Amino acid sequence: MIISITGTPGVGKTTVAKLLAEELGYEYVNLRDFAVEKGIGVEKDGELEVEVDELAYYVERDLKGKDVILDGHLSHLMPADIVIVLRAHPKIIGERLKERGYPEEKVKENVEAELVDVILVEAIEEHENVIEVDTTGKTPEEVVEEIVELLKKGTKRRVGIVDWSEVYDEITPYLRLGIR
Ligand SMILES: Nc1ncnc2c1ncn2[C@@H]1O[C@H](COP(=O)(O)OP(=O)(O)OP(=O)(O)O)[C@@H](O)[C@H]1O
């Protein structure tokens with residue numbers, strides 16, 4: 001089974017994906033490394049730009065039928081059996097990306113994306129089996145435990161569990177609107 005772990009940059013995909021792969025005894029696959037290995041995509045300003053359909057072709061060809069945890073912010077656009085969308089309070093995204101040294105514009109872009117559920121909406125458009133997990137205030141281990149419990153219960157779809165508009169005031173400092 002292919003389980004995609006997706007979400008806004010900085011939400012904790014790699015951390016959770018590696019732990020979950022270990023917990024389930026699945027192979028961990030980082031989508032960016034996978035693309036480089038297949039020789040697809042072009043490096044642009046330190047980012048690998050890939051053709052989503054081309055990447056999906058190789059995922060289908062090489063990973064279908066295997067037990068894999070697919071880590072990456074494009075993994076919800078891949079042929080997966082279940083998509084786990086990680087969420088976090090946009091403030092957490094802002095702080096982590098700032099810590100990582102992202103330019104202000106990029107921090108704001110990703111905080112905004114988390115605020116308006118960009119990845120969740122894309123995942124729901126692509127897949128029926130989408131599980132949303134709020135990681136706010138949870139350790140990576142607690143997040144993995146929650147995911148394992150949901151999978152054990154046979155949960156295939158759980159969405160609409162966060163609404164960051166309620167905390168809008170707390171995140172305006174990170175938003176474009178916050179720039180003066
Ligand atoms: N549940 C958590 N609690 C506290 N810190 C966390 C948690 N999950 C991840 N982190 C920390 O947040 C940072 C980003 O985590 P990670 O690299 O896994 O995110 P990501 O979504 O894979 O990012 P990217 O998409 O940019 O690769 C790391 O410093 C990680 O240690």
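First residue shown is number 1, and so on along the chain.
Every residue gets a Cβ built from N, Cα and C, even glycine.
Within Lys64, Lys138, Lys152, Lys153, the residue that TrEMBL lists together with Gly10, Gly12, Lys13, Thr14, Thr15, Arg100 for binding ATP is Lys138.
Confidence across the region 'NMP' (30-50), taken as the mean pLDDT and rounded to a whole number, stands at 92. Among the binding-site residues Gly10, Lys13, Arg100, residues whose Cβ is positioned under 6 Å from ligand 1 are identified as Gly10, Lys13. Fewest Cβ neighbours within 10 Å among the binding-site residues Lys13, Arg100, Lys138: that distinction goes to Arg100. It is Thr15 that, of the binding-site residues Thr14, Thr15, has its Cβ surrounded by the most other Cβ atoms within 10 Å.
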